[in-house]
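Q: As annotated in TrEMBL:
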type	residues	note
BINDING	13, 14, 15, 16, 17, 18	NADP(+) binding site
DOMAIN	13-149	domain 'Aspartate/homoserine dehydrogenase NAD-binding'
BINDING	101, 125	NADPH binding site
DOMAIN	161-312	domain 'Homoserine dehydrogenase catalytic'
BINDING	218	L-homoserine binding site
ACT_SITE	233	active site, proton donor
């Protein structure tokens with residue numbers, strides 16, 4: 001039997017995604033520790049959310065069973081991220097930081113964590129779709145002597161191996177010519193309901209309301225309809241394909257928010273008035289149906305032409 005291994009885990013962000021992750025981590029920890037050939041012990045040593053911090057100063061593991069109550073009861077002062085990186089860098093073994101947030105500040109600190117030998121796993125798109133300089137810093141830090149590993153597979157495609165597949169194609173010498181698809185689960189649901197293949201579908205405003213009620217949109221649906229989420233994903237995929245895209249705002253992105261509603265004071269006000277503009281997008285749907293087509297919210301990357309765009313297509 002191989003000697004036991006120990007991996008220290010730090011988790012930033014314990015909301016919906018973080019809570020689900022910790023549940024999975026608890027089950028994984030139990031299974032790995034019981035391996036008969038190569039046991040691995042996962043030690044949870046830090047939990048952080050916006051207003052609370054819990055960590056083990058001597059690196060003894062926190063409890064998977066009572067982490068939520070323990071975090072709530074913690075009176076430890078919040079630490080700047082630089083100090084969190086220093087703390088994790090002193091751990092007596094391999095460390096993985098799991099960032100479950102959408103924080104730009106946390107993403108900006110990835111290079112520091114990586115240079116401390118801390119590996120980073122995250123669905124946070126901000127570090128990989130923000131400035132191109134940050135992108136370069138992250139991967140330079142990961143490639144430095146003693147640098148940690150960086151994995152952001154779920155920043156595009158949820159649990160599908162989109163990023164690793166594209167990266168392997170490029171790394172093994174294949175030439176990526178074009179990447180195209182519907183890269184938003186919200187937009188996929190919305191347009192399959194609004195403009196199904198067989199024709200029909202409800203009013204656009206009603207389908208947006210339905211998607212929100214089912215939990216498929218952000219609390220303010222404008223955060224989905226402005227196209228920026230898809231633009232961030234396209235930025236990541238374009239960079240992996242070899243295009244040095246500067247930011248998600250450096251190429252055409254079609255917003256589905258009617259101009260007069262961009263200044264709506266709240267998501268509720270936006271939804272209440274969205275029906276006033278159903279006619280515009282209904283016209284596009286009818287034009288597509290007349291051609292035997294449907295409309296979808298598509299992201300596309302033409303590598304040869306260095307062309308990236310996001311918007312409605314037939």
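Residue positions begin at 1 at the first shown residue.
Positions of Cβ are set from backbone N, Cα and C atoms, glycine also.
Small disclaimer: the values here were computed from a predicted structure and weren't measured.
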Q: With DSSP as the reference, give the number of residues of the domain 'Aspartate/homoserine dehydrogenase NAD-binding' (13-149) in helix, strand and coil.
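A: Counting residues per DSSP class in the domain 'Aspartate/homoserine dehydrogenase NAD-binding' (13-149), I get 60 helix, 21 strand, 56 coil.
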Q: Rounded to the nearest Å, what's the C-alpha distance separating residue 233 (active site, proton donor) and residue 125 (NADPH binding site)? Just drop the number here, would you?
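A: Between the alpha carbons of residue 233 (active site, proton donor) and residue 125 (NADPH binding site) there are 7 Å.
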Q: Quick check: of the binding-site residues listed here (101, 125, 218), which one has the Cα closest to that of residue 16 (NADP(+) binding site)?
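A: Minimum Cα distance from residue 16 (NADP(+) binding site) across 101, 125, 218 lands on 101.
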Q: Long-range same-chain neighbours of residue 218 (L-homoserine binding site), Cβ under 8 Å, sequence gap at least 6?
A: 186, 224
Q: For each of 14, 17, count the other CB atoms within 10 A of its CB; which of these binding-site residues has the top count?
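A: Highest number of other Cβ atoms within 10 Å: 14.
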Q: Using C-alpha positions only, work out which of the binding-site residues 13, 14, 17, 18 is nearest to residue 101 (NADPH binding site).
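A: Sorting the binding-site residues by distance from residue 101 (NADPH binding site), the top entry is 13.
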Q: Note the Cβ centroid of 13, 14, 15, 16, 17, 18, the recorded NADP(+) site, then list each other residue of that chain whose Cβ lies within 8 Å of it, in sequence.
A: 19, 20, 21, 49, 100, 101
Q: What same-chain residues, at least 6 away in sequence, bring their CB to under 8 Å of the CB of residue 125 (NADPH binding site)?
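A: 102, 152, 155, 156, 229, 232, 233, 236 - these are the non-local Cβ neighbours of residue 125 (NADPH binding site), listed in sequence order.
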Q: Got a sec? Which of these binding-site residues, 13, 15, has the most Cβ atoms within 10 Å?
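A: That would be 13, with the most Cβ atoms nearby.
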Q: Around residue 101 (NADPH binding site), how many other CB atoms lie within 10 A of its CB?
A: 21
Q: Just to be sure I understand the packing, how many Cβ atoms besides its own are within 10 Å of the Cβ of residue 16 (NADP(+) binding site)?
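A: If we count other Cβ atoms within 10 Å of residue 16 (NADP(+) binding site), we arrive at 10.
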